[in-house]
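TrEMBL lists 1-28 with the feature region 'Disordered'. Marked as compositional bias 'Basic and acidic residues' by TrEMBL: 19-28. As annotated by TrEMBL, domain 'Major facilitator superfamily (MFS) profile' applies to 48-500. Residues or ranges marked as transmembrane segment by TrEMBL: 125-143, 155-178, 184-201, 213-231, 243-262, 325-345, 357-380, 387-406, 418-439, 451-470, 476-496.
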Amino acid sequence: MADPTPLLSQSATGSSEEEPPKLEKSHPSFDSMIEQSMKDLGWAQLMQALLVSLAWFFDAQQTFISIFTDTLPPWHCANLDDEYCNSTSDVCRLPSSSSWQWEYPKHASIVSEWGLQCANSAIKGLPASSFFMGCFIGGLLLATLADSSLGRKNMLFLSCLVMSCSSLLTVFSTNVWIYSCLRFITGFGRATIGTCALVLSSELVGKKWRGSVSMIVFFGFSLGFLSLPAIAYVNRGSSWRVLYIWTSVPAIGYCVLVHFLVCESPRWLFLMGRREKAVETLKSIASPGASILTKGFFAISLEEDPLNNMDIFSAIKALLEKRWAFCRLCAVMLVGFGIGMVYYGMPLGVGNLHFDLYSSVTLNALAELPSTLLTFVLIGKLNRRSSVLFFTTLSGICSVMCILEGRVWQKLRIGLELVSFFSGCTAVSVLLIYTLELFPTCVRNSATSMVRQALVLGGVFSPLLVAAAARRGDGMLSYGVFGLVIGCCGLFVMCLPETR
C-alpha cells in the first residue's frame, strides 16, 4: 500500500503520479526535525490545544441554538370544555385562534412571535437551513485561505469574529427573512472554525499526539452543545433573543484571546517561507531540549521545496488534479454527507419524539461526551476504516428502527435515537481524524474543510426534512430517511486505505 499521506508533487526521479514518493524520503530533514522538536507533549502545547478547542464550544452553541429559538412552543386550550380542542389537536385546524393560548410569552420563540405555527415547512425550516447553507458556501469559498494566505490562526480569529458579531446582530431581527439572512451570515463565518481549530491543534504537536489532542477539540464541542439546554432552561419564558446574547458576547471575548494568545502552526509558517517565525514559534511551545534542533531549519532550501509556493486555489487544484487525492476526497465526502444528516438532523428532530425538549436535548448532548471519551481512549487502537463502517451501520439501523409502530417501539424510541446519535457522533470524530491522516500538510486544512462541508450539506437538508415530516403529522419519517442515507453513504469508506 502507498503511504497514506503521500506528497502531492511529482518527484524528480520520475515516480508515477498515482504512487507519489513518501514524505519522509522527499524531505527527511524537515519532517524529522519537526517531529523531534514536538515529539513530547509539553504544557505549552497542551495549553495551546485547550485554548484552540474552545472555538468548538462556541461553534456548537451556534450550530444547535435553533433547537430552542425556532421551536414550536407549548400551548394549551383556552377553554377546557371546548370539544374541538385537546392536547392532540393541530392548532392550525382549530376553528378559532382564541380557542388556544401559548404557555409562554409570544417572544419566547420566533414561531410564536412571528406567527409561523401554520407556515409551510419550507418557511419553518428556512432559518436553520440558511445557517447550514451559509456553512456550506462559506466552507467552499474560504476553505483554502487557511492553507494559503491567512494561515490557521488568522482564519480561526476572523471566522470566530464574524460568527459572534453576526449572532449578536440577530437579536435585532424583525421578521423571519432578516433572521434567516443573519443566520446565513453566521453560518458563513462559522464555516471554517471547526476545521481551523482541528488542524491547528493537531499541527502544534507531534504525530504521536495528534489523535489524542484532536479529541480535546471534540470535547469542546460536546461541552458547548451541553451548555445550550442549561442556558435555555434558565431563560425559559424569556425572549429568544436572550439566548443569542448569552452565546455571542462570550464568543467575542474569545476572539480577543485567540488574537493575542494562540500560536500559528510552525509547519504552515515554514511551508510559507517564514522560517524565522516558525523557529520562534517552535521555541515557544516545544520542550527546552528541542531548541537546538530548530537551527537546522535554516539549512533547508525553500526553493527546492515544492510545497511553499501556495496560492489561494493551489490546494484545491492539487486535490483535484491528482487522481489518488481526488478519489479519496470524493469517498470521504460521501461518507461525511451521510453522517451529517444524522449528526445535525437528529437534535433538530427530538421535538417529534414527544418527550420533554430540554431533557431530550440534554440526553443528546450527553451522548456526545461518552462518544468523545470512547474515541479519545481507543483512537490509538481503532482501525479507521472499519470503525467508521461499524458506527455508520449501527446508526442507520437504530435510526430506521425509530419509525416502527407499536407501544413497545414508542417506549424504546428515545433509546434508539440516542444510540443512533451516539454512533453518528463517534463516526464524525473518527472520520475527521481519518481525514487528517489521509492528506499531507500542504492540503490538510483544505481537505478537512471539504469533508466538513459535506457534513454540513447533510445538515442543509435535515431541517427541511424534519419540518416536512412534522407538517405531515409523521415526525418519525425523517428518522427513517436519516438511517437509510447514513447506512448507504457509510459503505463508501471501503474505497479508502487504512491509516492507523
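Residue numbering: from 1, along the chain as shown.
Every residue gets a Cβ built from N, Cα and C, even glycine.
Caution: TrEMBL annotation is automatic and unverified by curators.
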Quiz item: Can you name the far-off residues of the same chain, 6+ from the ends of the transmembrane segment (325-345), with a Cβ under 8 Å from a Cβ of it?
Solution: 8, 63, 132, 318-319, 388, 392, 395, 399, 420-421, 424-425, 427-428, 431, 434-435, 438-439, 443, 447, 450-459, 461-463, 465-466, 478, 481-483, 485-490, 492-493, 495-497
Quiz item: Averaged over the whole of the domain 'Major facilitator superfamily (MFS) profile' (48-500), what is the pLDDT?
Solution: 82
Quiz item: Taking a Cβ cut-off under 8 Å, which residues six or more beyond the ends of the transmembrane segment (155-178) line up next to it in the same chain?
Solution: 52, 55, 58-59, 62, 110, 114, 116, 123, 126-127, 142, 145-146, 185-186, 188-193, 196-197, 200, 241, 244-245, 247-249, 251-252, 254-255, 258-259, 262
Practice problem: Flag the pair the transmembrane segment (184-201) / the transmembrane segment (451-470) as in contact if three or more Cβ pairs fall under 8 Å (sequence separation 6 or more). | Solution: yes
Self-check item: Other parts of the chain folded back onto the transmembrane segment (213-231), taken as Cβ under 8 Å at six or more residues beyond its ends
Solution: 41, 45, 49-50, 52-61, 63-65, 67-68, 194, 197-198, 201-202, 204-205, 243, 246-247, 347, 358, 361-362, 364-366, 368-369, 371-372, 375-376, 379, 429, 432-433, 436
Quiz item: Cβ under 8 Å to the transmembrane segment (387-406), counting only same-chain residues 6 or more beyond its ends: which ones?
Solution: 335, 338-339, 342, 346, 412-413, 416-417, 419-421, 423-424, 426-427, 430-431, 434, 476-477, 479-480, 482-491, 493-494
